[in-house]
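In what follows, a single structure is set out as structure tokens and then discussed.
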Amino acid sequence: MEKAHADEFPLTTDSSEKQGVVCIFGTGDFGKSLGLKMLQCGYSIVFGSRNPQVSSLLPRGAEVLSYSEAASKSDIIILAMHREHYDSLTELVDYLKGKVLVDVSNNRKINQYPESNAEYLAQLEPGAHVVKAFNTISAWALQSGTLDASRQVFVCGNDSKAKQRVMDIARTLGLTPLDQGSLMAASEIENYPLQLFPMWRFPFYLSSVLCVFFFVYCAIREVIYPYVNGKTDATYRLAISIPNRVFPITALILLALVYLPGILAAILQLYRGTKYRRFPNWLDHWMLCRKQLGLVALGFAFLHVIYTLVIPIRYYVRWRLRNATITQALTNKDSPFITSYAWINDSYLALGILGFFLFLLLGITSLPSVSNMVNWREFRFVQSKLGYLTLVLCTAHTLVYGGKRFLSPSILRWSLPSAYILALVIPCAVLVLKCILIMPCIDKTLTRIRQGWERNSKYTQSALNGKSDI
């Protein structure tokens, strides 16, 4: 038996083939854009309008009729109109009976109404088969053809045959339909386009708080303190020096916070003796935001690298170097080469370079195009094993940078330690807790729990009852 080549099978239906008649209620931007796209894919389009005589700028080849006349032309009607105009459809109950009504509308706010637009439409037209679809596609994307970033179409409805017909239309348009179940999912589908970075809010807020706190903290130590004690103007540090302390500190803390929720979850499972209990909402949301926390941390690490690269061209640095050279020439004295200082300097630079390289690797593997090409074990190895190695290298980079100054009273300003000492608290705590959890006696118990073993049967009973200790 001969094997057929993949290129012998078309990915989408041939656009030259006649696909049937589809009716679109509404001649706005979305209705016209969707109609044009469907015409290009071989469909015959009939627009329904309140004023068919004055409708203009419609795709060539489309027919414009009144709502009742257009409804009689097709079994599938796409409602490209807002919810506020659904009441006008009550006059067309007889015309819409048995038809497939595709609701593409969105609201202005999340959960604006008690029920979804699709469910509201189903109440108005009980004899029709309402399907929610195409609300995640913009009119601009349909017109320009840039559908790569929004190719997925969520579809839901109570009638499986009606859903299948709508999904066939989506495939013909080159889209990827995803069946979301019954019409009860319409509310979630309608809320999806209205979300504004839901998983990024916590990382942004947290990073903003950390940046502001450490910026003010460093400004007190490095700008306000010298001015109060010696009338020295060090405000120039606000542009480069202080941000170049704040950015790596924020990056290190955020990186540690990526792995802290996993440790807390392990401790919680050990305490409960079972995995069949939901985590607290705050911990659950924190774990869902780990990827975003890591990417924000990578962004701050990038800023640290860029700010470090511009250090040699700063006026302050060039002035110090020039002044030191002139002073040595006038006094005829040179500074001795100290091998230990060279080791410390090169070590913290090497640790920083290696840490940033692995940080980049973590960021690259978190991209969907890359993560989809590796299996779960490979992804877990990179994000977990190499992730902790990255945290170790970045923490060691900061420790070596501090050197002996940790124990020196001279770094205190108004009894305030250097900012990098505060930055090491969370990363060191995470690494210490991780070392405890990987001890054989603890790791063996944790592995058994995650494989389904339970220490006490009462946890199973309370889990079934939906109770929580925390």
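From the backbone N, Cα and C atoms, a Cβ is placed for every residue, glycine too.
The NADP(+) binding site annotation in Swiss-Prot covers 27-30, 49-50, Tyr67, 81-85, Asn106, Ala139, Arg171. The FAD binding site annotation in Swiss-Prot covers Trp140, Asp148, Gln269, Arg290, Ser366, Gln383, and the record cites similarity to another entry as its basis. Taken from Swiss-Prot, the feature transmembrane segment applies to 202-224, 236-256, 293-313, 342-362, 381-401, 419-439, supported by similarity to another entry. Residues or ranges marked as Fe(3+) binding site by Swiss-Prot on the basis of similarity to another entry: Tyr217, Tyr307. What Swiss-Prot lists as domain 'Ferric oxidoreductase' is 247-395. The feature heme b binding site is assigned by Swiss-Prot to His304, His397.
Each residue contributes its Cα atom, and for Trp140 (FAD binding site) and Tyr307 (Fe(3+) binding site) these two points are 39 Å apart. Within 10 Å of the C-beta of Arg290 (FAD binding site) there are 20 other C-beta atoms, taking all protein chains into account.
Remote same-chain partners of the transmembrane segment (419-439), defined as residues 6 or more beyond its termini with a Cβ less than 8 Å from a stretch Cβ, comprise 214, 217-218, 221, 245-246, 248-249, 252-253, 255-257, 259-260, 263, 266-267, 388, 391-392, 394-395, 398-399, 401-402, 406, 446. For the binding-site residues shown (His82, His304, His397), fewest C-beta neighbours within 10 angstroms: His82. For Arg171 (NADP(+) binding site) paired with Ser366 (FAD binding site), the C-alpha to C-alpha distance reads 29 Å. Mean model confidence of the domain 'Ferric oxidoreductase' (247-395) amounts to 89 (pLDDT, 0 to 100 scale). The shortest Cα-Cα distance from Ser49 (NADP(+) binding site) to any of the binding-site residues (Gln269, Ser366, Gln383, His397) is found for Ser366. Separating the Cα atoms of Tyr307 (Fe(3+) binding site) and His397 (heme b binding site) is a whole-number distance of 17 Å.
Annotated pair Tyr67 (NADP(+) binding site) and Tyr217 (Fe(3+) binding site), C-alpha to C-alpha distance, rounded: 66 Å. Here the binding-site residues are Asp29, Glu84; the one with the fewest Cβ atoms within 10 Å of its Cβ is Glu84. Most other Cβ atoms within 10 A: among the binding-site residues Tyr67, Trp140, Tyr217, Tyr307, that distinction falls to Tyr67. Ranking the binding-site residues Thr27, Gln383 by C-beta neighbours within 10 Å puts Thr27 at the top. When DSSP labels each residue, the domain 'Ferric oxidoreductase' (247-395) comes out as 125 helix, 0 strand, 24 coil, counted as helix, strand and coil in that order. When other Cβ atoms within 10 Å of the Cβ of Ser49 (NADP(+) binding site) are tallied across all protein chains shown, the result is 19. Reported as a whole number, the C-alpha separation between Tyr217 (Fe(3+) binding site) and Gln383 (FAD binding site) equals 32 Å.
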